[in-house]
Amino acid sequence: MQATIGTTNERRAGLTFTSWNVKGLNEPIKRGKVLAHLKALSSDIIFLQETHLKNNSHSRLKCRWVGQVYHSNFSAKTRGTAILVRKGIPFLHKTTIADKEGRYVMVMGEINSTSVTLLNIYGPNIDNPSFFKRVLALIPDISHTNLVIGGDLICVLDQYLDRSSTWRTPTSYSSEFLNTYIKNSNLFDIWRIANPTGREYSFYSHVHNVYTRIDYFLLDARLLPYTCNVRYHDIIISDHSPLTFSLRLSDI
């Protein structure tokens, strides 16, 4: 059976998830702009990559509308991931697994008594499938939870559709591993499900003069009927595009 998600003209219902590589949040003016843009996107649950914040600095991400912050950080002002939850979202936190290298944070809990596992990944900038194998092995049995994986994987899943360059590079080992894992775990790249042959990019590399789609949300198949309005937004403030979608958890 072909996987499908909700249509984009559905009324906004449920929660808006946003993933965004923000490329540093230490500078107060930029941090304010990022938080304002996230609010303008009606973000409820937010996956941030490259926060560049140290351990005691993530409290700066709390503001009038952000109520909960879960994070991982690195020893230097690089890397860093965070999951933010808007105030008023009935998220009951249970467990956090935070990477000491600042490349992922996984949060488990409940929203309105519905079990959720949120995994935010900032992938390595080298071809390293063992990293993804190690991180994804941390995920609990998804038959007992609703899994949302988001982040900047720094990895093109489709060499033809997800790159602007006509010069095709060999498929990376990370891409091979991730595509196999996604298939075997019954996960779906929700933007690709909504746009089977579409071309849209989330990052521009000035060094290589190429656009790529390397920012994703991956969901287990059970969530697809409750998902809609998936889209990439304009590249502003950072050099990555924010990715958003809506999920009607209350209908599950």
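Residue numbers in this text run from 1 along the chain shown.
Positions of Cβ are set from backbone N, Cα and C atoms, glycine also.
Remember, TrEMBL labels are computer predictions, not curated facts.
Among ASN21, ASN125, ASN128, ASN179, only ASN21 appears in TrEMBL as part of the Mg(2+) site alongside GLU50, ASP152, ASP239, HIS240. The subset of binding-site residues (ASN21, GLU50, ASP152, HIS240) lying with their Cα within 10 Å of the Cα of TYR122 (active site) consists of ASN21, GLU50, ASP152, given in sequence order. All chains included, 15 other C-beta atoms sit within 10 angstroms of the C-beta of ASP239 (Mg(2+) binding site). The DSSP secondary structure for GLU50 (Mg(2+) binding site) is coil.
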